[in-house]
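To start, the structure under review is shown below, and the notes come after it.
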Number of protein chains: 2
Amino acid sequence: MPHVIDQLAAAVRRTGNAVCVGLDPRWEQLPWPITTGREAEPNGRADAYLDFCCGVIDVVAPLVPVVKPQMAFFEELGPSGMTALAEVIRYAQERGLLVILDGKRNDIGSTAEAYARGLLGRGVSPWGADCLTVSPYLGEDSLTPFVDVARERHAGLFVLVKTSNLGGGMLQDLEVGKPSERAGASRPRRVYHEVASLVEKFSAETVGECGYGLAGAVVGATYPEQLAELRAAMPHTWFLVPGFGSQGGAAKDVAPAFDANRLGAVINNSRGIIFAHAKTEYADQFGDQHWQRAVEAATMLMIEQLSEISEN
Amino acid sequence: MPHVIDQLAAAVRRTGNAVCVGLDPRWEQLPWPITTGREAEPNGRADAYLDFCCGVIDVVAPLVPVVKPQMAFFEELGPSGMTALAEVIRYAQERGLLVILDGKRNDIGSTAEAYARGLLGRGVSPWGADCLTVSPYLGEDSLTPFVDVARERHAGLFVLVKTSNLGGGMLQDLEVGKPSERAGASRPRRVYHEVASLVEKFSAETVGECGYGLAGAVVGATYPEQLAELRAAMPHTWFLVPGFGSQGGAAKDVAPAFDANRLGAVINNSRGIIFAHAKTEYADQFGDQHWQRAVEAATMLMIEQLSEISEN
């Protein structure tokens, strides 16, 4: 089985774009053909999430390389939601998509390994994701078990490095280092640089044919200058860039995430695509009834926006 | 319904100890009466985890105030494991125990809220935990939704501040602050101090009658001097202290976690209690067959060890 990041690079080349569609099913925002009559059924919400996500996948599978289900929304529903999540992942993979599971898991030693074994590895774990997002607060020995399981199962990781939320800087942007070490430094070194170095080390040790390793990095779209800086500092690390669209990032902002071959990053958009039926520009044309056509139009628009920057 | 940390303080007073029993079911370490014949059944492992955890709960419920199930081991089994986890939590609560769910969850905005709504709140969420562990890498706005849901549901949190694993220091111990701000400081300020300040702020805003707030802190037992320093710096924050026993922490090391009233902390022990049947000192006496008696003996020993330090 090929290296998962080689698979991702091949999928980006095949589809001609680096769009990741975020599957964040929120009950209040689902179109009414999905929710009607469901509230009263025992597993109604889980069934609705499954139908909705499979409906999105049907539309985007021929268009984009990868989808990213958000575990929190499935977990909110209880075990029935977690069962639906496993079905969504399998459905996406059967239709040719790669799946990055957004769980931001983290723990140490054999506990971290248990998360990795439960979530990572197509066809060989209960949830079977191709990649998983993980959080780094517990340090290097909390990431190593995830890397080991990913390597063994031809799967991958995306470690939180610099996130796109407003408050992300509170911890990630803290200036670090002993004063003595910093006297001559031209620019401050921050917490996220330390995490970036660690992730790049893991990726440099696990490169595939495309030159990228299996430990990717989550780097927000709201800070283009940091994207550029990290792209240069992390030459073996594939980026997952959230924050496009609804979190404020635009196509030009994500341009620095890509390498000279237009590889090295996927750009996530969740609400801007999956809830396009409710956006002003699509509501009149498609509405809830034809929500899948709104998903298609929004996906095509994002593909076009990204292609414009890559031609510049 | 009383404030959850008031409930915890009352349970510590009632039982006369601050032991938290960690429910970390690892298949390879379960006693044979629990595993025999189970491997071949469809949900055999999940059934075994449920039986084992309920068996531990039967023993410890009259003895200790609180248990801490580790989500990773249940998640490793897939949806059937997550169903078993919900049953374990309910069983513990029915027997009078408080439940800290160890999930180390984290995300931002409405996604963080979805985790909190799925996991927190006795009887009002699918998993119904009294408290949940959360990770702080995404910053203040990733913790606020958890605090809001906890407050609304009379539940609580334990935020990772200083963990007991060897590599935890990589990120948590980094010296922070602009050099100009640090010129006159007597001791370095580190990443974990920033997280500690934030958690203490949340707790100061949400104090119950016992003087502690609903945002607790995870502070490892392997660093007694840091426990003492953080105890002084976080007067409104209840501590969850892992690392007792198998991770190297001893009774004297955790003494600084308590306040003058012997409140303010619970001390977790997982493997040292639940897998006591395999320890040299109990294996001959009880063995796998009488594993619950080994759990009881190990729990009583830990209670005694903690009582000795609190008498000094």
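The chain as shown is numbered from 1 upward.
Glycine too: its Cβ is placed from the backbone N, Cα and C atoms.
The active site, proton donor annotation in TrEMBL covers B:Lys104. Positions annotated as domain 'Orotidine 5'-phosphate decarboxylase' by TrEMBL: B:18-286.
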Need the DSSP three-state call for B:Lys104 (active site, proton donor) to compare against my parser.
strand
Might you list, by sequence position, any residue in that chain lying six or more from B:Lys104 (active site, proton donor) with a Cβ less than 8 Å away from its Cβ?
B:Thr133, B:Val134, B:Ser135, B:Leu160
Note the mean pLDDT of the domain 'Orotidine 5'-phosphate decarboxylase' (B:18-286), expressed as a whole number.
94
